[in-house]
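To start, the structure under review is shown below, and the notes come after it.
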2 protein chains.
Amino acid sequence: MLERLQLRQSGTSTNLTERLWPFLVVASQTFGLLAFILLTIWVTKFLGGMLWDGGAKEFNVHPYCMVISMILLNGEAISFFRIFRHSSKNTVKLAHASIQLVAFTLATVGLSAVFQFHDNKGYPNAYSMHSWCGLLTVSLFGLQYVFGLVFFVLRFFHENLRQDYLKLHQFFGKIIFAMAIATSLIGIDEELTFAGKYGQLPPVASLGNVLGLVLIIFGIIVAYIITHTEFERPPSDDEFKAISETEND
Amino acid sequence: MLERLQLRQSGTSTNLTERLWPFLVVASQTFGLLAFILLTIWVTKFLGGMLWDGGAKEFNVHPYCMVISMILLNGEAISFFRIFRHSSKNTVKLAHASIQLVAFTLATVGLSAVFQFHDNKGYPNAYSMHSWCGLLTVSLFGLQYVFGLVFFVLRFFHENLRQDYLKLHQFFGKIIFAMAIATSLIGIDEELTFAGKYGQLPPVASLGNVLGLVLIIFGIIVAYIITHTEFERPPSDDEFKAISETEND
């Protein structure tokens, strides 16, 4: 472990990436906030606002809730382990699980809105690439949440199995995050294609496209933060070590 | 390094993932082939075939070339370093660079097809989320190719800088691959929305959606192969060590 730490602290490569850290955190928060602002303007000013009335304004609840939950909150929650790597692991886990619960709840509201809108209008449900990807993504997110609870909160199963599952949880966390961004981009394209005049790039279309680009950039920065070992929690605070110590108490 | 190897060989987690290896390779090739077959059937039987005539058949060259180049060939090329990790590093690098060159060439054919089709029909170019994402993805792919040549074939710059850039090359390789899949999913949705009757899921739409799902599964398997350290080239064959030794000869 010590050798790994020393390895990490030496070498140009690591130092360069570590020096990027403050910029990466500021950039991720800035692009997340920018996406939130653009999304809010897009939905409220350009798509006509939100209202739970079974009409177009209820449809608008869908993109608003889905982007906030599956991309913005999800992106924050998965970055937490890196951003707060010097805080107590249990506190960070609690924050991660809480934010993901809020995200999942918001996602179900967003899904209800679009299903109710379709049903009211007599439109078919769940036929497009966007809907297939979206349902797959939210289902995986829900499964991932339940597995996370079972393994890391309720702590069923032995430490070895928890360690195995942690790798899978982290892998699928990234996959689900990427799928959420992809699904939103498909959804924006679909919405603007349905609305018509997409080819003339009216303000609603330009803003939608720019929102998509900002979501991609947010995704890339979060991906950089969560995949680079330089930003890992120092091994001394390792969950599994901490658990073993507690179990030996 | 030896300690790292030993660490890698011990522990349930690593063994479990290593035992998955043959299945992962077979699965990645199977889903890649399946995607190729579905794509070929979709484009030739359901979208009406390909012809360089400025009409709808020329448009069809676009999805065919883009999926083959930016997802299938690209996915193979980035898996090569893991699949052939016991072969000579230089051979694998040559194969990687060659396949990516074929991919980039095919992508430019695919882009020409859609631009020429739009121009012939008097349709606007590069307005949709699909086109913005696609142009960004192909541009990053081209940049990545040029940087790859400069750093790893022409070997400008010092070893330390090459090692720094390798990390960035690998990171953006994954981002570009994910963006290519996302862009294709948007494109399939857009094509089927334009064609109409999407909501009734006619065969062309069902097949397009299934193709999208197969591309997602292919992407997930490739991502698993390229992100798990268990499948890394054994450190003794490390490029940088090999280069240092050659330079000392």
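From the backbone N, Cα and C atoms, a Cβ is placed for every residue, glycine too.
The transmembrane segment feature in TrEMBL is assigned to B:20-41 (among others).
Marked as domain 'Cytochrome b561' by TrEMBL: B:27-227.
Positions annotated as transmembrane segment by TrEMBL: B:61-84 (among others).
The transmembrane segment annotation in TrEMBL covers B:96-117 (among others).
The transmembrane segment feature in TrEMBL is assigned to B:129-156 (among others). Away from its own ends, the transmembrane segment (B:129-156) comes close to residues 66, 70, 74, 93, 97, 100-101, 103-104, 107-108, 111, 162, 165-166, 169, 172-173, 175-176, 179-180, 182-183, 186-187, 190, 243 of its chain (Cβ-Cβ under 8 Å, at least six residues beyond either end).
Feature annotation from TrEMBL assigns transmembrane segment to B:168-188 (among others).
According to TrEMBL, the feature transmembrane segment maps to B:208-226 (among others).
Below 8 A, the CB atoms of the transmembrane segment (B:168-188) and the transmembrane segment (B:96-117) form no more than two pairs separated by six or more positions in the chain, fewer than 3 in all.
Across the residues of the domain 'Cytochrome b561' (B:27-227), the predicted structure has a mean pLDDT of 97.
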